[in-house]
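Colleague: Here's the feature list from Swiss-Prot:
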BINDING   GLY79, 82-83, SER87, 89-92, 107-115, SER119  5-phospho-alpha-D-ribose 1-diphosphate binding site
BINDING   GLY79, ASN110  anthranilate 1 binding site
BINDING   SER91, GLU225  Mg(2+) 1 binding site
BINDING   ARG165  anthranilate 2 binding site
BINDING   ASP224, GLU225  Mg(2+) 2 binding site
Amino acid sequence: MKDVLTKLANANHLRFEEMQQAARELFAEDVTDSEIAAFLIALKAKGETAEELAGLASIMREVAVDIPVSGTDFIDNCGTGGDGSQSFNISTTAAFVLAGAGAKVAKHGNRSVSSKTGSADVLESLGVPLDVSTEEIATLLETNGIAFLFAQRMHPRVKQIMKVRRDLRIPTIFNLIGPLTNPVPLKTQLLGIYREDLLETIALTLHRLGRKRAIVLHGACGMDEASLAGTNQLVLLDQGELIRFSLHPEEVGLSVAPIEAIRGGTAAENAEILLRVLRGEAGPYRDTVLLNAGIALFAEGRVETIREGIERSAESIDSGRALEKLQYLQRMKQQEAIG
């Protein structure tokens, strides 16, 4: 680890293989908290490359639990966090909308680290069980079209690193890495990031990790989700080709709204917002979910345009299918209680 830290301190990039070796040392039982902290801070100061991100993500996936699924026709939608927007859980809400529209969503997430409420926190508040087995996850993906993969259970080797991250209280490479380490083999991904300068880097990383299609976006006002507040920046990865474009909500039939209109709160408050959206309540919360779900459906290739994706997302909510996907997961908890 000393050689790696020296190289990073001198602002030298690591090759893919060097990062893989550094990752193996990072996940070793004898690594110290100070070594982890030094690695995270040095890498953040230098700036992450696609090779470094892919190298670390590949080892995290290598040491993750195995999910016994067949095929690769799965999508994940998530943000990196770290944008400081204090918004509600947009991607978690949108995940149920995607499933209601026919996508198979392997929703990979965690408790809050650098934000107020993580996806695991809000789902737990809704009564969705987090401690499901890998076999149950595979079954849920097949029968319900959506399953939640609790990152702490998927990546047991990262427990010590999570502790250091919480102590640091700043965004690190693991904000970027988390969304890249889904143990389910994904065909498509929608990934929102808090740093516009990393759009192409993350898209190249996804290509290196085998994604066929993906969209990486940076929202208006610095959000890690597509925003109604103004123009959003996106990069489409399509079979290895990168296409950058911008998107304003009015271009796809949605009204502009400030980020203050989608503020979240505690896990319980965000759970209530999620339910209001899935039950059909109109307003900026719903429109933000429609925008993000519509982009994800376009990324997947399920629709030809983002506007069409928004229409399909609205149908998913208004038909009740999105809410049914959540209720299916909630019933698992009830069945556990009954025994």
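Glycine is no exception: its Cβ is also placed from the backbone N, Cα and C atoms.
Show me how these features fit into the structure around them.
Modeller: According to DSSP, HIS108 (5-phospho-alpha-D-ribose 1-diphosphate binding site) is assigned to a strand segment. Counting Cβ atoms from all protein chains shown, HIS108 (5-phospho-alpha-D-ribose 1-diphosphate binding site) has 27 others lying within 10 Å of its own Cβ.
Around the Cβ of ASN110 (anthranilate 1 binding site), a 10 Å sphere holds 22 further Cβ atoms from the protein chains shown.
In the structure as shown, the Cβ atom of SER91 (5-phospho-alpha-D-ribose 1-diphosphate binding site) sits within 10 Å of 25 other Cβ atoms.
Around ARG165 (anthranilate 2 binding site), taking its Cβ as the centre, 22 other Cβ atoms fall within 10 Å, counting all chains.
Secondary structure from DSSP puts GLU225 (Mg(2+) 1 binding site) in coil.
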Colleague: Under 8 Å Cβ-Cβ from ARG111 (5-phospho-alpha-D-ribose 1-diphosphate binding site), six or more apart in the same chain: what's there?
Modeller: GLY118, ALA120, ASP121, GLN152
Colleague: Nearest to SER91 (5-phospho-alpha-D-ribose 1-diphosphate binding site) in three-dimensional space, by Cα, is which of the binding-site residues ARG165, ASP224, GLU225?
Modeller: GLU225
Colleague: Sequence gap of 6 or more, Cβ distance under 8 Å: name the residues on the same chain that satisfy this around ASP224 (Mg(2+) 2 binding site), in order along the sequence.
Modeller: GLY79, THR80, GLY81, GLY82, ASP83, SER85, GLY192, ILE193, TYR194, HIS218
Colleague: List only the single closest residue to GLU225 (Mg(2+) 1 binding site), chosen from the binding-site residues SER87, HIS108, ARG165 by CA-CA distance.
Modeller: SER87
Colleague: Using DSSP, would you call GLY79 (5-phospho-alpha-D-ribose 1-diphosphate binding site) helix, strand or coil?
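Modeller: Reduced to three states, the DSSP call for GLY79 (5-phospho-alpha-D-ribose 1-diphosphate binding site) is strand.
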